[in-house]
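Here the structure comes first, spelled out in structure tokens, and everything after it is commentary.
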Amino acid sequence: MASKVIVLDFGGQYSQLIARRIRELKVYCEMLPYNTPLEKIVQENPGGIVFSGGPSSVYGEGAPTVDPEIYRLNIPILGICYGMQLMAHQLGGIVRPAEGREYGKTPLFILNRDRLFAGLNETEICWMSHGDFVAKAPEGFLVTAKTEYTPIAAMENRERNLYAVQFHPEVVHTPKGKEILKNFLYEICGLTPDWTMESFAQKAIREIKEQVGEEKVVCALSGGVDSSVAAVLVHKAIGDNLTCIFVDHGLLRKGEAEEVVRTFKEQFQMNLVFVDAKEQFLAKLKGVRDPEQKRKIIGHEFIRVFEEEAAKLGDIRFLVQGTLYPDVVESGTATAATIKSHHNVGGLPEDMKFQLIEPLKWLFKDEVRELGLELGLPESIVWRHPFPGPGLAVRVLGEITEEKLAILREADYIFIDELKKSGWYRKTWQAFAVLPNLQSVGVMGDERTYAYTIALRAVTSEDGMTADWVRLPYELLEKISARIVGEVKGVNRVVYDITSKPPATIEWE
């Protein structure tokens, strides 16, 4: 029985969001490139198909298209934005360039309030973002919604199970968008909302057992969300046949190494090899000021230490990696958005003779967090902000010394502590302190000081590709600043970074 939806990706900026929204409605969903052969789509046995939006015009040279036979499968199809224009164009309708682009929140006048629009009002708000529009619907199609400037904002052909909308139901700016998707999934496709993290974990554990058998497995554990959840999931499947290697390179946040040991060794009773490599990493970084060089040294040294430790474990065939679905999508579709970590120290070399276990490769980040909670990981790990592989090395500008690391660790700890206490930590994508290579004059007591400046950075983001700075309350910033200057020796000034990405990156180095 069909139990999933296929999203065909035409390169729209919201394509991944469509998949995430469908999964939030507890229906499993996969993304495939728009040019996936029809036989492959049929083999997948989907209960529904969604055509995503995209930047192209159906009349453009090399415009993405689909095999027209897809419309004869009698599988329910929902075309969104470009997906609607393509459906109209291929089935004999007329698509024209709009005189002006319709962009932003727009009143939607619903002409037929059953099936796709069941339970909605006659007028709803929708999010439009298009340059072309459907001027004439194909034969057999009923126009079901319009806007002031778009006479055909939605259309359907019930006999052929074809539905289309010109707006974006997947974005939050279409308030009833989730209801529309729900109607498509549950009422039109007849799918059951039974895809949960509990069912995913059970299936993943079975598959890991089948893949690994009695073989030994190793995992490079960073203490971040992805590697932590992957490690616990694999451990549930194979127990003591998994060994995790945790390398403390001396560039971690305050209490981080201790928390990893406490969580994985004590709480989960896992085989954990703890490598204290602080001295050798800091020795290699002595005198190095260039950020790219720092990154390369840390990456190279990490691989060397990991290989040494893995070799001590004897004959190991499998390596666990915390690859996520956006990485898979990015490598699989030329039109998809690029989502890649620029700081992945755990990027082990391709010539290592391991077979990969990637138990999270079908999940988005929010699903990984949900799975972590399902598996019993503490919230402090599950909700941890992204942390660069090179650690504090890219937050200490200029040369790295023990003194600078100690100052930054304490300042960062205070910043995060206050964000957690005030309820702001979970509202931010990433927050951290930076130690710029900058000293300034100050007065403390009656003494003149010449000490370091701490810069604070807090941003909101969906995926790290773009970010906006968080408008933290002045009272909170004042409290954080007073604590850092009062409690961290060697600091006499605190500044707050109010730059978005772009033009700045999230990290300073």
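Including glycine, each Cβ sits where the backbone N, Cα and C put it.
The domain 'Glutamine amidotransferase type-1' annotation in Swiss-Prot covers 4-194.
CYS81 (active site, nucleophile) carries neither a helix nor a strand DSSP state and counts as coil. The active site, nucleophile feature in Swiss-Prot is assigned to CYS81; the stated evidence is sequence analysis.
The number of other Cβ atoms within 10 Å of the Cβ belonging to HIS168 (active site), over all protein chains shown, comes to 24. Annotated active site per Swiss-Prot: HIS168 (among others), in sequence order.
Summarising the annotation, Swiss-Prot assigns active site to GLU170 (among others). Close to GLU170 (active site) in the fold, though at least 6 residues off in sequence, lie TYR14, LEU17, ILE18, ARG20, ARG21, ILE80, GLY177, LEU181, each with a CB less than 8 Å from its CB.
If you look up Swiss-Prot, you'll see 195-384 marked as domain 'GMPS ATP-PPase', on the strength of sequence analysis.
With a 10 A radius on its CB, ASP226 (ATP binding site) counts 21 other CB atoms from all the protein chains. Under the three-state DSSP scheme, ASP226 (ATP binding site) falls in the helix class. The ATP binding site annotation in Swiss-Prot covers SER222, GLY223, GLY224, VAL225, ASP226, SER227, SER228.
Taking a C-beta cut-off of under 8 angstroms and a sequence separation of 6 or more, GLY224 (ATP binding site) has the following same-chain neighbours: GLY322, ARG384, PRO386, PHE387. The most crowded of the binding-site residues listed here (SER222, SER227, SER228) is SER228, judged by how many other CB atoms sit within 10 Å of its own CB. Within 10 Å of the Cα of HIS168 (active site), the following recorded positions from the list CYS81, SER222, GLY223, VAL225, SER227, SER228 place their own Cα: CYS81.
Of the recorded residues, GLY223 (ATP binding site) and CYS81 (active site, nucleophile) place their C-alpha atoms 41 Å from one another. Here the C-alpha separation of ASP226 (ATP binding site) and CYS81 (active site, nucleophile) works out to 33 Å.
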